[in-house]
């Protein structure tokens, strides 16, 4: 019934297995990939006919994690998986980026890739397994895919590169880098690093490229055994249309790209395109060329004009040379009531970034296959349509916004203070108010400034820069700080973020069939120069974190109490801690290890709450004098609250040096009194005395011929009937 094809290799100390022919046989390509005990099913389906009216390749990639893969049931009321998580969105992009450029040009058939995690061993991250499974499924599908690709994760532990480190090894690694590519070239890099040098980063990329070659060979062997026949793809011959459009528009396109202002340039290009459409398109003639076809050819002519101009003249659209960064203006403290804010402007790209400090209550709970954990550093990136002078949907967070936000998050995490020193939840929001290239790197720069403005003690400031590439045969040009048009018409988007000391994040996307080590080395070197320049410009606004947090930011103090005292601080049903919060106005967060965080924007509230807690957990000292309040009067004495929430008994015989007939003759409820702690009775109850303290001055009174009190250790319960008889 099944015609199974299986390939298996040892890779990175574990077994990698690819299998097809048993599951999802109606898909164009389906591969079950297993690494260790982590298994991903990848399926590929492409429509038989192209989708009309499109000038792009309609590829959709969906990565999904099923909770059953980790032996779990989803939370929530409906008990089934819901909308994609942040990780699912990010891995979907991770798979999409290296495969999209490898479909043949002109292929417009709607194509859907689905990668489903069906088993997770908690040791091997499914993202790499999913990328390999998708590559194999595409290679055997018969679709016009110029793969296969391989993928690998590279760590840097103890000064050495590590292939596919396990999940529990990653905290020790100074690097988390994912690289994908073909047998000949690198296609995609995504990474987070702890201020590593450019040489180490480049070495990691090349190490990963070398190490995934056996995976590519394995996929090729599988394809040789079971790949479907390649589909016949009908790609139009539009050479005649290209000639007509070039004749009508090339001079106008050259003139438009001579305009340095983005708005004027786009208006001129739109006018040139409209002229071509008016000349060549006729909606009433079914044989006339479509506006979509004209638009695609027009874009290719734009690309030729810009690319050849840059390669020939070494001058760019806005007149800069290849390495010059656009003018930068940095401002901090631009919003009066926020905890920290910055406005970072680079050319026509601008980010307004706001930092907000919170407490442990503000941490985000993340429910992952590996388990639920809390995240105290959040970064949200927003790209409203007005930033590029357009109208559009507002309030929806797309994949691009999630991806750009995570890139900036990775770039900044390496310089954050440890949680033990800075126990705040930190949320950054980047509002892109203008965009003409590299808004994610503007987010990095603005976020660094906003955090320093908020008083977050960063190790060092972080800046980011986006690099571009124009590659024609043996000729190439690496561009620093690319414009939006240079991104769209170029061959590479290479983003590097870091400090004066090294790289904290690197992301690379290639739109052609890959680049080599020589080009990457030049791009990294050029990016370093640009990054250091940007850091210098940022320092003009603020070069280090402010010594004090903003007026409206919460203050957090951390204290530690014995774990056996936690119950007393919380109280029955949370009664005590609720009372502390209500009466002091401070937030109190208690951890199981005895760490207590007390937070408030008012320093006095924090001091009161801490004093209250310390009063609960501290032990009063025998022989010391305390001030207290009478909380209850009874026939045999008075109960006095004297040490935080602690009460003790002043026996009627200890109220005055002379005989007291009625307790009410000496005290009543609410009176302030001074008491001496005599000790504890046999049941651990507190024994106090008023007669040994001058109620006016608070000084101790010592009586002659009175036997000295023998302090007893506090006892928990017990009898003592005989001892009581002796005292009597």
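Backbone N, Cα and C atoms are what each Cβ position is placed from, and that goes for glycine too.
Here is what Swiss-Prot records for this protein:
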| type | residues | note |
| --- | --- | --- |
| BINDING | 487, 493 | Mg(2+) binding site |
| DOMAIN | 554-613 | domain 'KH' |
| DOMAIN | 623-691 | domain 'S1 motif' |
| REGION | 697-728 | region 'Disordered' |
| COMPBIAS | 697-707 | compositional bias 'Acidic residues' |
| COMPBIAS | 709-718 | compositional bias 'Basic and acidic residues' |
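The Cβ of residue 493 (Mg(2+) binding site) has 22 other Cβ atoms within 10 Å, all protein chains considered. When averaged over the domain 'S1 motif' (623-691), pLDDT in the model lands at 88. Helix first, then strand, then coil: DSSP counts for the domain 'KH' (554-613) stand at 32 helix, 16 strand, 12 coil.
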